[in-house]
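K.L.:
Pasting the relevant annotations from Swiss-Prot:
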- 1-80: topological domain 'Cytoplasmic' (TOPO_DOM)
- 16-21: motif 'ITIM motif 1' (MOTIF)
- 47-52: motif 'ITIM motif 2' (MOTIF)
- 123: N-linked glycosylation site (CARBOHYD)
- 158-238: disulfide bond (DISULFID)
- 191: N-linked glycosylation site (CARBOHYD)
- 194: N-linked glycosylation site (CARBOHYD)
- 200: N-linked glycosylation site (CARBOHYD)
- 214: N-linked glycosylation site (CARBOHYD)
- 217-230: disulfide bond (DISULFID)
């Protein structure tokens with residue numbers, strides 16, 4: 001029995017430090033809630049991060065604008081190329097119009113002159129030089145055409161106007177016609193002249209140039225009478241002698 005009591009006593013002694021240890025550990029359990037300050041620290045860090053992001057956000061906007069400008073760059077270059085091409089086309093069209101329009105109007109004017117004279121001759125057998133662009137020197141009237149025809153076609157066209165192909169029969173008439181720089185068929189042929197005086201006839205023969213075998217028709221170029229093929233196309237002038 002004494003031995004058992006001794007064991008119980010020792011057991012009680014061992015229980016005492018265990019309870020003391022529990023009692024000593026208990027204050028740490030009460031101090032553990034102090035560790036809960038970490039969320040406060042995190043919230044301060046979050047505030048700093050928010051402030052940093054708030055200061056950085058305005059700097060991102062220019063980058064977006066530069067990206068937009070870079071994206072718009074190729075489109076503006078394409079539009080520049082298109083405008084340059086359109087400008088070149090407009091210049092080319094203006095040049096072509098400036099060249100073609102005068103030719104068109106001159107051709108229409110000549111056709112109108114021929115048709116008006118043709119209708120006039122149908123209505124009246126006599127030619128009225130005052131109603132058209134005839135040029136008068138004394139009793140002679142001249143009408144010049146820019147359209148090209150052969151010698152025979154020019155002669156028949158003048159006959160339809162109740163006139164004849166240009167016939168230079170005097171030196172004074174030639175000097176008057178030199179003022180207009182005429183370049184076209186005349187009525188005289190090879191070995192044929194209407195000049196009355198022998199002096200004028202020799203002058204006509206000396207002014208003939210480029211004479212060939214098949215060139216039996218004459219045309220006037222400035223003050224020169226040139227022999228050429230009758231089938232070649234040249235301008236012509238009609239003459240009307242008013243009595």
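Just so you know, glycine gets a Cβ as well, placed from its N, Cα and C.
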K.L.:
Which one is it: of the disulfide-bonded residues 158, 230, 238, which Cβ has the fewest other Cβ atoms within 10 Å in this structure?
P.N.:
230
K.L.:
Just counting, how many other CB atoms are there within 10 A of the CB of residue 217 (disulfide bond)?
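P.N.:
That number is 24.
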K.L.:
According to DSSP, collapsed to three classes, what secondary structure does residue 230 (disulfide bond) have?
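P.N.:
Looking at the DSSP assignment, residue 230 (disulfide bond) belongs to neither helix nor strand, so coil.
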K.L.:
Using the alpha carbons only, what distance in Å do you get between residue 230 (disulfide bond) and residue 238 (disulfide bond) once rounded?
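P.N.:
Per the Cα atoms, residue 230 (disulfide bond) and residue 238 (disulfide bond) stand 17 Å apart.
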K.L.:
Would you kindly give the Cα-Cα distance separating residue 217 (disulfide bond) and residue 238 (disulfide bond), rounded to the nearest Å?
P.N.:
16
K.L.:
Can you tell me the CA-to-CA distance separating residue 158 (disulfide bond) and residue 217 (disulfide bond), as a whole number of Å?
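P.N.:
The Cα atom of residue 158 (disulfide bond) is 16 Å away from the Cα atom of residue 217 (disulfide bond).
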